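As structure tokens, the structure follows; a few thoughts come after it.
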Amino acid sequence: MAETSKADGGRLTTHVLDTATGKPAAGLSIALYRLDGSARTHLKTVATNADGRCDAALLAGAEFRAGEYELVFAAGDYLRGQGTKLPEPAFLDSVPIRFGMAEAVHYHVPLLISPYGYSTYRGS
């Protein structure tokens with residue numbers, strides 16, 4: 001994917017891969033929050049499609065603002081829905097990822113999950 005120009009206003013995307021099965025994590029719920037000091041504002045909740053991606057950018061164009069954000073991935077619900085036996089409480093249930101976006105370009109924040117671990121990075 002090419003970076004979005006500053007004139008386009010930037011965008012935020014994500015995708016989720018289940019590293020235990022080697023497949024996209026379809027149907028995983030993701031909540032997006034904007035952080036402003038101690039305030040945390042819910043912007044939207046979406047679910048991943050069959051490819052583990054969201055059907056549209058989480059933020060794009062006029063919706064995009066530089067700042068601090070948080071994505072909360074409902075990993076436990078997804079894993080239980082796949083038939084994965086998890087202890088109660090689950091080792092990983094909600095997986096929060098906090099990050100900053102400083103300029104109006106494309107930010108891609110993927111998540112790789114399994115019942116006992118996860119990783120993320122700034123993708124392209």
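Cβ atoms are placed via backbone N, Cα and C, with glycine included.
Among ARG40, ARG53, ARG80, the residue that Swiss-Prot places alongside HIS15, TYR121 at the substrate binding site is ARG53. Between the farthest pair of Cα atoms in the substrate binding residues (HIS15, ARG53, TYR121), the distance is 15 Å. Least crowded of the binding-site residues (HIS15, ARG53), judged by neighbouring Cβ atoms within 10 Å of its own Cβ: ARG53. In three-state terms derived from DSSP, TYR121 (substrate binding site) belongs to neither a helical nor a strand segment and is classed as coil.
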